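The following features are taken from TrEMBL:
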BINDING   His120, Asp143, His145, Asp147, Asp251, Asp253  Mn(2+) binding site
REGION    326-353  region 'Disordered'
COMPBIAS  343-353  compositional bias 'Acidic residues'
Amino acid sequence: MSLRSSLSRLLQKQAHSVLKKSVHSVAVIGAPFSKGQKRRGVEHGPAAIREAGLLKRLSNLGCRVNDVGDLRFTPVTNDELYNNLIVNPRSVGLANQELAEAVSRAVSSGHQCLTMGGDHSLAIGSISGHVQHCPDLCVIWVDAHADINTPLTTLSGSLHGQPVSFLLRELQDKVPSLPGFSWLKPCLSSPDIVYIGLRDVDPAEHFILKKYDILYFSMRDIDHLGIQKVMEQTFDQLISKKQRPIHLSFDIDAFDPSLAPATGTPVVGGLTYREGMYIAEEIHNTGLLSALDLVEVNPLLATSEEVKATAGLAVDVIASSFGQKREGRHDGYDHLPTPGSPDESDSEECVRI
């Protein structure tokens, strides 16, 4: 009996269990933060996602929504470059410490946690906060970029391209002590993370991925294998031996720019809508999703229609992660009316909601 077939049956059984659970308690945290990169606008991402109907969509799915609101990050003055290159290190470090505390509170209260960015440097805080209560968690990182440069290999100096290097134990001696980061301890090992959607990876990042045997699926791999096999192999890696909490960190630039134009670092040849939704649906079906980041929606970099499309796509990813199905809703009917029956036209039990 193959590991894959056994895992498939396990996930199918888990999916049936998930379908019976109609209520999720979801803490929604807005993280309007842009200092991990150099372009204005991504701090407005949480507002754009809310305006696209996020909270109503979650409520319609049966989620109990605990909207924490947007965090107010402590401003840092005179945030000088580190090593004449790294931008806003103190701001990024402090913001992530504050986010980690918020995520930790949400998870400890029994909520699944949604963090809306903001730039992807925020994953340092969201994962660090999550791991305080789920020390055996695993991470699925959906992104056009690996975000695993170190402060010594980065070409841009932007910390949104480096969060994974701060989180990996294997890179602890390769990452210098940045001002603002004294609170942070690496909390992941290389077998704990899988990348999906890569297509713009720097040479040093390629070296790190190979040296530490980190599993990743580039867009070429997705073309070759298909998204179903990619998800099977992802789950083989992360949860075949032990079911454990999943942290999904989803950068909107994983999608092709034709679908998600309102983002700061678009790369052609990205995920289709169907591939992106399949990823989210399959993670939901495991019943193991514990926290989700949705980052890098930038409303200042596109037209109003493009912003609407990008934010709507973000809502679709989030909703699919929490149980939305492309085949439509299953609830609303428990029997069919018959001609002349009292509930033929007005029974609440027979009306689609």
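Any Cβ shown, glycine's included, is placed from N, Cα and C.
Within 10 Å of the Cβ of Asp147 (Mn(2+) binding site) there are 26 other Cβ atoms, across all protein chains. Counting other CB atoms no more than 10 Å from each candidate's CB, the binding-site residues His120, His145 peak at His120.
Report note: the Mn(2+) site is defined by His120, Asp143, His145, Asp147, Asp251, Asp253, and the residues of the same chain whose CB lies within 8 Å of the CB centroid of those residues, excluding them, are Trp141, Ala144, Ala146, His160, Gly161, Ala254, Thr265, Val295, Glu296.
Asp253 (Mn(2+) binding site) has a Cβ environment of 30 other Cβ atoms inside 10 Å. In the three-state DSSP reading, Asp251 (Mn(2+) binding site) counts as strand. All protein chains considered, the CB of Asp143 (Mn(2+) binding site) has 28 other CB atoms within 10 Å.
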